[in-house]
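According to TrEMBL, the features are:
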{"type": "BINDING", "residues": "HIS438, ASN439, SER440, SER441, HIS442, ASP479, ASP607, GLN659", "note": "AMP binding site"}
{"type": "BINDING", "residues": "HIS442, HIS478, ASP479, ASP607", "note": "Zn(2+) 1 binding site"}
{"type": "COMPBIAS", "residues": "233-256", "note": "compositional bias 'Basic and acidic residues'"}
{"type": "DOMAIN", "residues": "127-191", "note": "domain 'PAS'"}
{"type": "DOMAIN", "residues": "362-701", "note": "domain 'PDEase'"}
Amino acid sequence: MGPGLYTAPYSLWALVYKQHPIPYGPWSIHSTLFPMGRVYTQHPIPYGPWSINSTLFPMGPGLYTAPYSLWALVYTQHPIPYGPWSINSTLFPMGPGQKRYVENTNTMACYNELLQLERRVMLSFTALEQSQEAIEITNEDQVIQYVNPAYESIMGYQQGELIGKEITEVPKSEKNKPDLLETINSCIRKGKEWQGIYYAKKKNGDSVQQNVKITPVIGQGGKIRHYVSIHRPLHDQNKVRDIQSSKYKDRRKGSLDVRSTTSRGSDGSSQRRHSSMARIHSMTIEAPITKVPTFHTMTYTTHLLHNAELYSPQLGTKEEDPHTNDLVGGLMTDGLRRLSGNEYIFAAKQPHLPSHLAMPLSLNDIPPHVAQTMENEDSWDFDIFNLETACLKRPLTYLGLKIFSRFGVCEFLSCPEATLRSWLQGIEANYHSTNSYHNSSHAADVLHATSYFLCKERVKQSLEQIDEVAALIAATVHDVDHPGRTNSFLCNAGSELAILYNDTAVLESHHAALAFQITTRDDKCNIFKNMERNEYRTLRQAIIDMVLATEMTKHFEHVNKFVNSINKPLAALEENGGIGDEESVKGILTSPDNRILVKRMLIKCADISNPCRPLELCIEWAGRISEEYFAQTDEEKRQSLPVVMPVFDRNTCSIPKSQISFIDYFITDMFDAWDAFADLPNLMQHLDNNFKYWKGLDERKLHSLRPPPE
C-alpha cells in the first residue's frame, strides 16, 4: 500500500491478527514479534524490501543480516508465517506516507486512532465521488449500495432512486444478447473479474454502449462481500472526461457520512491492485442497526449460530444403521465435550439491517418477473428455486410480502406495509447467503409450507388469527443467523453461544432471541410497535415456543404428544359415531394446550418438508443439506474436533442412503400423523415417490444425487 511507513502499536495490530487467522511461527527482531505471511498478502503491501537499520531477522535455522537490496528475494524464497503484533516503534511499510500511532491502552486514545482511520476512509470516498468514471457498488446479493456522481450524470438517475434496489429492478437494455447477464453472473459469482461490452439503459430509455469491468471484492474466508462496477461509455468518453467534480461538490457536500454507511465489509483479501477499488474492502456500505460507528477492522465478527430443521428420535426405537446413528448423534445430542485448545469462538455481534431500509417498497412494486414466479405460491408444488434465481437469492422478502398480505398480518399488527418490508429485509439480511442450505431460501421455503398448512381446514378450525400470525413470523425467523453448523458442533467446539445457553437448545434459543433484537432495536422495522402490551406478550410467547419446537432432542416428544392428545381422541370420536359431535371435536381442536401442539407440529413439518416436495425440489434440497454437512465434517477434521456425522464425508457419503435413513427415522411417522390431522394426500404421494427414487439409486449402489446419464 505504497512506500510509506507506520509505527505499529500492539493495540491496533492485535485486531488485525484476530480477523486474519494467522498460522504459527512469528519471527523475532531483538525479541520483538514481527508477523508476515497472509496478513502481508491480504493487505496488499509491495514486496519488501525490509531494511530496518540492518536488523537481524531469523529466517530458517539461523539469522540473516538484512541489507535493503536483499529483502524482496528473501521474502519470496522464505514465505514468513505470522504471529501477534507487538512492535513498539518498529517501522512497518503501509499506506502512502508516514502515519504514527502511539501505543496506548487508553480508551480515548484508541478512539482517536479510529477517528484518524475514519479520515482515511473518507479519502477513499472522496476519490469515488471525484472519479470521472461511472462507479456502482453492490453487496454480495447485488443490491445497489452506492453510485458516484459520474454514474448519475451518465445514466440520468439520482442516487436516491437506486440505493437499496436490486440490480434486477433496474431496467435493462434489449440490445444485449439474451444470455449475457447469465454469463456475467456466472463469472463474478465465482470470484472472477468480468470485463466486456454491455448496453446499459438510461433513465430516459436510451441505450448506451459501455465498456464495463465488474470486480468481486473478496472478504473474510474467501467470501464475496461486494461487486464494484466501472462503466466507460464507448461513444461518450470525451463527455465523461469533461465532467468537472465542482459540479457535484456543492450539491453533494457532506452527503456521505462514513459512520452511517459502514458496518459490514471485506477484511481485505483481494489482491487486485488496479484503481482505487482495491481499498473498497476497507469500508462497508450497509448501515448498522445500532448506529454505532463500526469499522470492519473492529467489529465485523464471525458467525453466531443455529440449527433447527432436522429432528432426531429416541435411540433404539428402530433398526439402526450407520447413517441413522450419525443423524441421531449429530442432530439430537449436544455432542462430546472436548475443549482444551479447540474452543470455537463466536464473538457477540450486533445484528444488521441493509442500508436500503429507508426505502421500503410495497407489494405493488415487486418487479414483474419476480411476481410471475410467485403466481402459484398457494400451491404445494411452488418452485422456490425459480424465485431464488429471479430475485438473486433474496426470496424471503418478496414471498413474505405476498404471504403476509394474503393473511392480513399488517392489519392484525396495525403496522404499515413499509414497516413489514423493512422487517423482512432486516431478517433476511441476517441469513447467511453463503450457506448452501440454511439461507433465506430455506426460510422462504418453510414460510411457504407454513402458509400452505394454515389453509387446511382442520388447522383453520384449531387456530385463531394470532396463532396464524405467530406461525408465519416464527417460520420467517426460525433459522436466522444460522452458521451452517449443528448444535453438536458448537458444543464440541466450546462456542460462546454453547456456553451462554448451557449446551441446551443453543441455536434455537439464539434464533428466537436475535429475531426480537432485530425487530425491536429500530422503529423502522418494529412490526410489534403498535400492539397492545398483553397481546404482544401472547404473540411473542407463541413465536418463541414454535422456534424452540424445532429443537431436535424433543422431536418424538412433540410428535407423541400430538398423536396422543389430538389424533387419538379425534379417531376415538369417529369410531364411536361421534363424527357429528361438533362440540367435542371443537373442544379437542381449540383447547389452549392442543393449539400449542398443533402449532409445534405445523412448524416442525414445514421445516423438514423437503422429502414431501416434488422430486426435483427434493433432490435439490438433498444436495444442499449434504453439502452443508460435508463442510462441517471438513471443518471438524481441520480443527481436530470430534466428527459427529462421519458418514457425511464428501469422499465416501452415499446421499441416497442418508435420505432413506432420514425418511425412515424422522419423516414417515411424523407426516403420517400430520396427514391424518390435516389431510395431505399430495404430500404423501410425493414422499412415496421420492423414497422409491432414493431406494432405486441405492439398489444400484450409486452415491450421487442422480443416476449417470444414459
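Here the Cβ of each residue, glycine as well, is placed from N, Cα and C on the backbone.
These numbers come from a predicted model, not from an experiment.
If you count neighbouring Cβ atoms within 10 Å for each of the binding-site residues HIS438, HIS442, HIS478, the highest count belongs to HIS478. DSSP assignment over the domain 'PAS' (127-191) gives 27 helix, 13 strand, 25 coil. The number of other CB atoms found within 10 A of the CB of ASN439 (AMP binding site), across every protein chain shown, is 24. Long-range C-beta contacts of GLN659 (AMP binding site), restricted to its own chain and to partners at least six residues apart, with a cutoff below 8 Å, comprise PRO611, ALA622, ASN690, TRP694.
Taking the Cβ of ASP479 (AMP binding site) as centre and 10 Å as the limit, one finds 27 other Cβ atoms among all the protein chains shown. In sequence order, ILE384, PHE385, GLU388, LYS393, PRO395, LEU396 are the residues near SER441 (AMP binding site), counting only same-chain partners six or more apart with C-beta under 8 A.
Straight-line distance linking the Cα atoms of SER440 (AMP binding site) and HIS478 (Zn(2+) 1 binding site), rounded to a whole number, equals 10 Å. Figure note: comparing Cβ neighbours within 10 Å for the binding-site residues SER440, ASP607, the maximum is reached by SER440. This prediction places the mean pLDDT of the domain 'PDEase' (362-701) at 95.
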